[in-house]
There are 2 protein chains.
Amino acid sequence: MNIVGLIVEYNPLHNGHAYHFAEAKSLAEADAVVAVMSGDFLQRGEPAIVSKWARTEMALHLGVDLVLELPVAYAVQPAEWFAHGAVATLEATGVVSHLCFGSEAGALEDLQPLAARLADESAALKAAVAEELATGASYPAAYAAAAARACAGPGGDAAAARALLMQPNNSLGLHYLIALRRLHSGIAPLTVRRRAAGYHDAAPQDAAIASATAVRALLAGAGGLEAAAPYLPPSTTAILAREFAAGRGPVTWDSFAQQLFHRLLLCSPAELATHHEMNEGLEYRIKKLLPQLEEATVTQLLKQLKTKRYTHTKLQRTLLHVLLQHARSALSPAVLAGGPGYLRVLGFNKTGRELLKQMKKTATLPIVTRTAGLNNRHLELDLQASAVYANAMPGHDTNDLFRDYRQPPITI
Amino acid sequence: MNIVGLIVEYNPLHNGHAYHFAEAKSLAEADAVVAVMSGDFLQRGEPAIVSKWARTEMALHLGVDLVLELPVAYAVQPAEWFAHGAVATLEATGVVSHLCFGSEAGALEDLQPLAARLADESAALKAAVAEELATGASYPAAYAAAAARACAGPGGDAAAARALLMQPNNSLGLHYLIALRRLHSGIAPLTVRRRAAGYHDAAPQDAAIASATAVRALLAGAGGLEAAAPYLPPSTTAILAREFAAGRGPVTWDSFAQQLFHRLLLCSPAELATHHEMNEGLEYRIKKLLPQLEEATVTQLLKQLKTKRYTHTKLQRTLLHVLLQHARSALSPAVLAGGPGYLRVLGFNKTGRELLKQMKKTATLPIVTRTAGLNNRHLELDLQASAVYANAMPGHDTNDLFRDYRQPPITI
């Protein structure tokens with residue numbers, strides 16, 4: 001049986017995802033699809049527009065057979081750790097045969113040589129990254145430059161490597177390949193070229209497919225859900241409509257403005273510096289900037305914090321760690337290198353139920369379908385993240401706050 | 001020159017306060033009035049309905065000549081520490097000759113003998129309080145019982161002492177008298193009988209005077225400011241109208257619901273237990289109660305937390321320390337016993353300006369008219385408290401958030 005793994009955020013699930021899903025299934029000649037999905041907070045350091053439960057429903061309607069949650073400890077991280085957590089999750093199921101990801105390159109041949117070099121060269125690479133960072137470059141730029149240097153030898157093409165890595169999906173894809181290598185995984189990688197709109201584009205450029213960023217911009221605009229609907233499967237549109245009507249979305253960074261400012265105002269620079277990713281004096285920069293903000297919004301804070309060195313994404317993630325009270329020690333490299341400690345099941349269909357049965361024999365991590373019982377620090381972070389996410393919903397009630405403790409996996 | 005000190009909260013300033021003000025001035029034959037006022041958070045563990053700046057204006061319009069802020073370290077405390085901080089502030093001015101407070105007893109003769117006994121008996125009293133607490137009594141009840149036991153000897157009247165202390169203004173007044181004794185203060189105490197509505201009453205019982213609690217209930221009701229206006233000086237009504245129109249009030253506990261729940265959801269019991277007043281396993285009770293709450297409101301949380309042992313006030317104060325991230329160590333008895341470290345000037349009139357000139361010679365603490373410069377841990381707590389208070393205002397902007405850093409004393 002071929003079972004293809006996807007690494008997704010579905011924020012929200014749109015026609016581009018449906019395209020990728022179909023391509024992945026076909027490329028892998030897959031009998032089933034397992035998705036590992038970020039929970040309520042995402043890789044770029046943002047809250048999802050609707051909860052992980054709503055997004056799980058979207059995934060199941062698309063045809064995903066089993067949805068697993070990527071722990072927040074890995075979900076809100078730079079590409080390396082995000083990829084490590086997601087690939088390790090797929091690997092730990094013991095049933096996934098293929099991993100299919102979108103990339104700008106669209107061809108594994110462009111990425112595998114680079115992955116081979118970078119997977120093996122981690123100490124030298126780290127030193128090179130540190131050198132590049134010392135010049136004031138942002139982390140992604142520093143990594144791309146360091147990777148290029150690593151490829152500068154015989155048979156390598158430094159400029160091509162650098163150009164490749166500056167594209168965000170190539171970069172993620174490369175890290176999936178590296179993670180597969182480092183985990184000595186038997187999962188076979190596949191890639192699909194990303195179509196149409198670029199990841200960062202804010203306006204739809206295609207009648208049927210728009211990026212998730214563009215879809216969210218439409219949802220936030222005057223046209224709302226109606227304007228976004230052409231780019232969404234009908235099931236996504238229906239789920240979003242239901243969630244918005246119930247006051248469970250849309251959730252944005254500014255839904256957390258009061259909570260974030262509250263914490264930033266109360267924490268001293270030394271207290272801020274105890275959070276994951278808060279380093280290099282960024283804590284002082286934030287405290288100094290607060291009184292000079294033009295508006296007390298997260299959007300404005302991010303805008304005024306932005307420098308060449310700190311990408312928007314890095315800043316968003318750092319603020320998210322402050323918001324979620326993520327201590328540096330809880331997400332140290334030593335802790336993260338150990339990989340996720342559980343497989344949290346968010347939803348499944350009939351095929352997924354069969355997969356879960358099979359996984360009882362093959363899985364190398366505990367399968368969590370109810371949160372009571374398993375005592376795991378990262379699972380606690382997931383539960384806390386979901387509770388504070390619900391607390392920021394425009395019209396939440398106490399059931400929303402503690403849904404994660406009560407909700408069995410979604411089934412369709 | 002006679003200068004009378006008042007210890008106030010003015011939440012909001014109403015006709016009853018105006019009555020007390022006139023009585024105090026007359027009793028003390030005072031040439032000037034100095035008020036020490038709680039900042040944005042109050043003794044009963046609540047946020048003030050409008051900011052300390054607006055309430056300072058109310059005080060100045062009433063005729064108070066100089067308004068000093070009671071540091072939040074003392075303002076949100078049981079009667080003993082509240083009284084200690086407030087009396088020490090008045091004493092440190094070096095100019096206050098009298099202290100006038102309202103009491104149900106209305107006669108110093110009823111309170112002074114008790115104060116004399118309790119001021120001298122602190123170790124034995126503490127032991128007696130601990131014994132009473134061990135029976136499951138609330139702190140105020142335990143203190144009243146222990147004080148009664150202390151008065152049970154020759155010449156004492158235990159039952160009368162107990163009855164006296166169960167009335168909140170007597171209890172505060174008694175602690176003012178104790179504080180004066182312990183500080184060996186030369187300030188002469190005076191008391192005025194509290195008129196009409198009891199402290200805890202929620203409905204006005206008099207055409208002209210209603211308690212602050214009753215006034216706030218009217219403000220929160222359908223009649224709003226118009227319904228409350230008969231009980232307020234016109235200046236208070238005008239200031240409230242302006243503040244509400246600008247989105248700077250009314251602020252209530254539920255203005256902080258998201259911020260409080262956010263923190264309660266993220267902190268483990270062990271983390272909760274690091275906060276001031278969070279003890280006796282209350283941290284576990286809170287964490288256990290959260291998923292069972294009928295509504296995710298502070299009102300509901302307080303209602304469901306309430307037991308015979310934990311008074312509403314004690315619970316409110318404890319939650320406020322969590323909200324404000326007040327560490328137990330920052331407000332330890334050893335720290336508080338040292339007294340306030342500064343005299344923060346919130347406002348003054350022409351007479352107050354003269355008092356301040358005089359205080360340059362007489363004051364035993366630094367006089368703070370701008371917050372820049374003085375490095376004091378309790379002043380930092382005041383600034384943080386005001387910032388997070390502003391962050392909870394319905395329509396705040398960044399100027400509100402950092403007003404405390406920029407606002408010179410209010411003058412009229």
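Backbone N, Cα and C define each Cβ position, glycine as well.
Note that the coordinates shown come from a computational prediction; the quantities given were computed from them, not determined experimentally.
The Cβ neighbour count for A:GLY16 (ATP binding site), using a 10 Å radius and every protein chain shown, is 22. Residues or ranges marked as ATP binding site by TrEMBL: A:7-20, A:GLY102, A:ASN169, A:ARG194.
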(request) Translate the DSSP assignment of A:LEU13 (ATP binding site) into the three-state scheme. (result) coil
(message) Using a 10 Å radius around its CB, how many other CB atoms surround A:ASN169 (ATP binding site)?
(response) 19
(request) Show which residues of the chain containing A:LEU13 (ATP binding site), separated from it by at least 6 in sequence, have their CB under 8 Å from its CB. (result) A:ARG55, A:MET58, A:ALA59, A:LEU62, A:LEU232, A:PRO233, A:THR236
(message) If you count other CB atoms within 10 A of each CB, which of A:TYR10, A:TYR19 wins among these binding-site residues?
(response) A:TYR10
(message) Sequence gap of 6 or more, Cβ distance under 8 Å: name the residues on the same chain that satisfy this around A:ILE7 (ATP binding site), in order along the sequence.
(response) A:ALA35, A:VAL36, A:LEU70, A:ALA83, A:ALA86, A:VAL87, A:LEU90, A:LEU99, A:PHE101, A:LEU172, A:TYR176
